[in-house]
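K.L.:
According to TrEMBL, the feature coiled coil maps to 2-105, 140-174, 221-287, 342-373. Under the heading domain 'Kinesin motor', TrEMBL lists 387-710. Feature annotation from TrEMBL assigns ATP binding site to 470, 471, 472, 473, 474, 475, 476, 477. Annotated region 'Disordered' per TrEMBL: 716-775, in sequence order. The compositional bias 'Polar residues' feature in TrEMBL is assigned to 748-757.
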Ligand code: ADP
Ligand code: MG
């Protein structure tokens, strides 16, 4: 029995140990489950938190999308508008092209036409709309992209939410299964307790020890029961926990459902809003369409107006086009025409130039021939008139002539013939025929008129001599120099030369130079020089031309009347200061003004040189017969010598002698070139009209008449001179009775010259002095 009891006890102990092990295992499992539940709960809480966050972000996104969706619809609306506008724009572009064509045509477009203004406005509007459309398009595409992204994300989140829910359901199922298992285990454990009680009772009965053991076992059992109660308590708590966990899960589910409904509601709202937006959009489209239709109508009306304009413009355009084509054809043909015209004009011009050239050549030839002819005619005229022309000028009766019978007029004129002069000499009338006779009434201009042909011939290259001959006081100086108010031949001649030269300036280049000299007692002096008392010599030019020149004779180039006046003034001053009694001195000396005119023909290069010798001779009164003595006699002798030499030369020339005694006096030697050949000489015989001078008047007129009959001419050059009749000699007593064929005139003594006071005049600077002056 004891043994059995011991066995039973051991069995009980084993059982107890097993139970204890099972308890430990159960406790362990409970702890594990607890921790699992804890972990699951925290996991679920986390998941719920995440879901909450997601929901919040979804809600935010939904609200954002909602606000953005409004913009998107507007964009779509604009897009549609843009399409409509694009269509309108194309139509407008078409109209514009038409308008452009119209404008391009040569008719003036209807400026300020309201259609064009409207078109411009429409164009502006269109361009603005286009710009807006482009902007909106950009925005729309961006928004579309965003919406797409959001929708994707929403779907993803929903998917994940579903997954989470499924997981959660599974977990709950698992937990409930485990709970069921735990319940079953507990029930099985409860079912095991009665056999144990029975064993204990049996053991107690069997032995005290056993009873003790039983009591112990009972205590232990008590303890185990307590432990089981505790375990039950723990299980109860665990069940409570599970319950609370279930409640939490339910709460979470409710929350999820709430969120889902919220989401659903938001979705519904979103759809509603989208619907309303769609409606708005449709309304706006309709409005825009209506507006566009109105605009289109207006555009159509404009187009109709433009078309009517076009219809009216078309005929004008047609005519213009025709005109344009015609003009184009003309213009195309114009260069050809122009070329032809130019060609023909060029040819004509060339021909004309050639003609003009040949005409010019012809004219030049004719001009040269005319020049020669003129010279020839002039020569012929002079030959006919006589190379030496003699005119007489009778001065008026002056106060100096005094009164009484001696001062009565002894000179009369022929009313019908101005070449006849009558002189009443000692009661006898004597008549003379000269080339021309000037009465006292004749003016300086009248006299100059007579001589100006000679002067101009000087320009053509002729040498000319004009002598004033006559007794002292007969008017020689008056005729040659004149007064400042009424100038004589000298100044007028130079003025005439200037004007003639100026007239010919286009063809000829002329240089006019002036020299002034005097011959006193056969000594030649320079009136314009720095040393007037210096004796000048006449020499042959060293170039072998046979021409004469005076070394050191001052030559002024004159270019104006002012220059001439200066030259005359200077010469006059020179003379006035040189001689104390100028009147007396001038009456006993020959004053020469030598004008040289050098010309070059610009076209032919022909050169001419003409010389004009204007000579105021010394008084011709016959001093020799009056019984003068000393220096006066010597002066008279020199005067007589030179005047008779002049007469001899003229006589020799006239009689065409082989030898002409030019060298018999300084005067004739100096004027050799101007007296010979085709030179021209004019002698102005000055006559006093009064009774007391009739003897000298008769003498002068006889001299004049004889000189007049002498001829110079082309055939009368030195080598061809004929014989000279001694009957033609002048009546006075020359200092040299017979002409000296080869007398050296320049070597004749001149006693009175050295006594003159030295020159103090340095008023004018001569243009040139060193150049040889051919004479
Ligand atoms: P010459 O020079 O011959 O000695 P002038 O020329 O000095 O003579 O003249 C003498 C005077 O006669 C001068 O007073 C001059 O003014 C005057 N006379 C000369 N000719 C005329 C004239 N044609 N008309 C007026 N006065 C004259
Ligand atoms: Mg005089």
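Just so you know, glycine gets a Cβ as well, placed from its N, Cα and C.
Just so you know, TrEMBL annotations never went through curation; they're auto-generated.
Are these features on the surface or tucked inside, and what touches them?
P.N.:
Confidence annotation: the coiled coil (342-373) carries a mean pLDDT of 85 in the model.
Around the Cβ of residue 472 (ATP binding site), the number of neighbouring Cβ atoms within 10 Å comes to 19.
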K.L.:
What is the total of other Cβ atoms whose distance to the Cβ of residue 471 (ATP binding site) is within 10 Å?
P.N.:
21
K.L.:
If one looks at the chain holding residue 475 (ATP binding site), which residues at least 6 apart in sequence have a CB under 8 angstroms from its CB?
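P.N.:
Within the chain, residue 475 (ATP binding site) has Cβ neighbours under 8 Å at 393, 395, 686, 688.
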K.L.:
Just to verify: the residue among 470, 473 with the fewest other Cβ atoms within 10 Å, which of the binding-site residues is it?
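P.N.:
Looking at the binding-site residues 470, 473, the Cβ with the fewest others within 10 Å is that of 473.
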K.L.:
CB neighbours of residue 476 (ATP binding site) within 10 A?
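P.N.:
Taking all protein chains shown, residue 476 (ATP binding site) has 29 Cβ neighbours within 10 Å.
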K.L.:
Scan 471, 472, 474, 476, 477 for binding-site residues whose C-beta lands under 6 Å from an atom of ligand 1 and note them, or write none.
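P.N.:
What lies within reach of ligand 1, judged by Cβ under 6 Å, is 472, 474, 476, 477.
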K.L.:
Within a 10 Å radius around the Cβ, which one of these binding-site residues has the most neighbouring Cβ atoms: 474, 477?
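P.N.:
Most Cβ neighbours within 10 Å: 474.
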K.L.:
If you check the binding-site residues 471, 473, 474, 475, 476, 477 one by one, which have a CB less than 6 Å away from any atom of ligand 2?
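P.N.:
Checking each Cβ against ligand 2, the ones under 6 Å are 476, 477.
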K.L.:
Can you check what DSSP calls residue 471 (ATP binding site), collapsed to helix, strand or coil?
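P.N.:
Going by the DSSP assignment, residue 471 (ATP binding site) belongs to neither helix nor strand, so it counts as coil.
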K.L.:
What other residues of this chain sit with their CB within 8 A of the center of the CB atoms of 470, 471, 472, 473, 474, 475, 476, 477, the recorded ATP site?
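P.N.:
For the ATP site, the extra neighbours are 395, 468, 478, 587, 619, 686, 688.
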